[in-house]
Every structure is written in C-alpha cells, then in structure tokens.
Amino acid sequence: MPSEKDGAKKSLMQRLALKSRIAKETLSEFLGTFIMIVLGCSSIAQAVLSRERFGGIITINIGFASAVVMALYVTFGISGGHINPAVSFAMCAFGRMEWFKFPFYVGAQFLGAFVGAATVFGIYYDGLMAFAGGKLLVVGENATAFIFATYPAPFISTPGAFVDQVVSTMFLLLIVFAMFDSRNLGVPRGLEPVVIGLLIIVLSCSLGLNSGCAMNPARDLSPRLFTALAGWGFEVFTVGNNFWWIPVVGPMIGAFLGGLIYILFIQMHHSKLDPDMKAEPSENNLEKHELSVIM
C-alpha cells in the first residue's frame, strides 16, 4: 500500500501542476528553445574554441539540427514544438493557432533563447576567456560573438542577406506545412522531429554561407542581446552594416511566404474526397495544426 509519504508527494505534485493550458504551452516553448540554444550554440562553441580540433562546419550543422530534434521531442506533444517566432507567426497567420497565444509563445521563445545563451556562456566561460587573451571580440580571427548569433559573410550585401533569410525560412515552413498535411504523404507519427532535423541539415548545408541560416528571430536576437550585455558590447548590433534586424524580420516574412506557397500550390487543390488518400484516424490528427518548428 502507498505510504503517507508517497501520498504527500503526490498531493504536492498535484498542487504544483499547472491547470492552464496556455501556461503549460508557454513553459514548453521556453524549455524547448532553451534546449535548442544550449545544445546548438555549444556545438559551435566546441568547434570554435578548440580551433576546429573538436569539430567544424559539419559537426555544427549536425549538432544544431540534432539540438532541434531533442527540443522537439521534449515539447512536441505539449505546445507543438514551435521554438521559433516565425513558425508561431505562420501558424497564427493561416489559422492553425489562435492569435491570443502568439505573445505567450514568442515571449517564452525569446526568454528561453536568452537564458540558453547565458548558460552556454557559463559553460564555456574559461574557454572564451582563454581564446583571445581575455578579450571578447566580434570580428577578426579570434572573434567569438558568432558562437551565439549569426553574422553576414564579408561579401554579402544588405539586400542579399535579407533575401537569404527570407528564402531559407520560406523553404523551412513550406516543407513543414507539407509534413503536417494529412492529405499528403506525411511523416510516421513520432518521427516528425527527426525529419525536421534532416530538413535543418539540408538548409544549413545549402543556404548557410551568406549569413548563417538563422531562420529564427529568437535564436538570433536573444543571444545577440546577451552578448552585448556580457562583454562583447553593442558592436554586435552595428557590425555588418547593422545586420541584426535581418534575422529578425526576414524569417517572419519567409515563414508567411512558405506557408502561403504550400497552400496555393498544393493544399487548396486537394479533393474533398480523394479515393487515393486514406483518412487518418482522428487520434493521429490531434492538434496536428499546431505541430511544427525551427532552429
């Protein structure tokens, strides 16, 4: 029989358990974004601070994509695993999530990314201090700011960088919309995070040169703000011809375009009753409209 101690623990857990659905989803988005930033940015830190003895561009791309996968497995069933304001915006814009949830999701994502960046800084503090003789640099061969946020390649123009962010995020959302379209091929239940991780790898390997393939305003702006406060200074906002706003605005536009393109080219043309498509059980479609992500 359960002891009084077990009963007391259960009672405490019940009292602490959140009853509000939006509160649960907000915590989920915070934790998921935190996980993504800690594991993803740490994969960059390990490569940079070891001067590529413990990694390089391949391990960074795989590491960050895998961080997204892990974050999704933690959050998918609770909040849909957006972990990206651009994804949440697209979900709301196309009626797949209620607008009142948007500020809760986005606030949690930005806060989770900021705390995640602070955690990476703490983990690799000694390495950061040793890397450039105690200096925290934004540019140059000993720069470390790009461990936390993306920066443009020297050759890219401001319009080029903006288009780069729009296009990369457009592909992200276009394919995510396809994955969760029950009238299309779809993905086996439970494997969605893995396929999204593969998508992140493809995008990073093909569209990462120009400006780092952020595709996520929270992933970029919150860590950038942290670095400004932690010792790199506000040069993180002025470098690259004031590049900072591009990974914030570009993904929002790209996410909307990606969803719109999929709907216009594919989804709106589904027959109401397609004999070649078998309807999925309602259990498998539960809240499928909210499921999606990004880096």
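Using N, Cα and C of the backbone, Cβ positions are placed for all residues, glycine too.
Topology note: PHE94 and HIS269 share a membrane side (same topological domain name in Swiss-Prot).
Put simply, of 25-43, 58-77, 99-123, 191-207, 244-264, the stretch with the most CB pairs closer than 8 A to the transmembrane segment (161-178) is 244-264. Residues 25, 28-29, 32-33, 36, 68, 71-72, 74, 98-99, 101-102, 105-106, 109-110, 112, 169, 173, 176, 193, 215-219, 251-252, 254-256, 258-259, 287, 289-295 of the same chain, all 6+ positions outside the intramembrane segment (80-92), place their C-beta atoms under 8 angstroms from a C-beta of that stretch. When each of the listed stretches 25-43, 58-77, 244-264 is scored by C-beta pairs under 8 angstroms to the transmembrane segment (99-123), 25-43 comes out highest.
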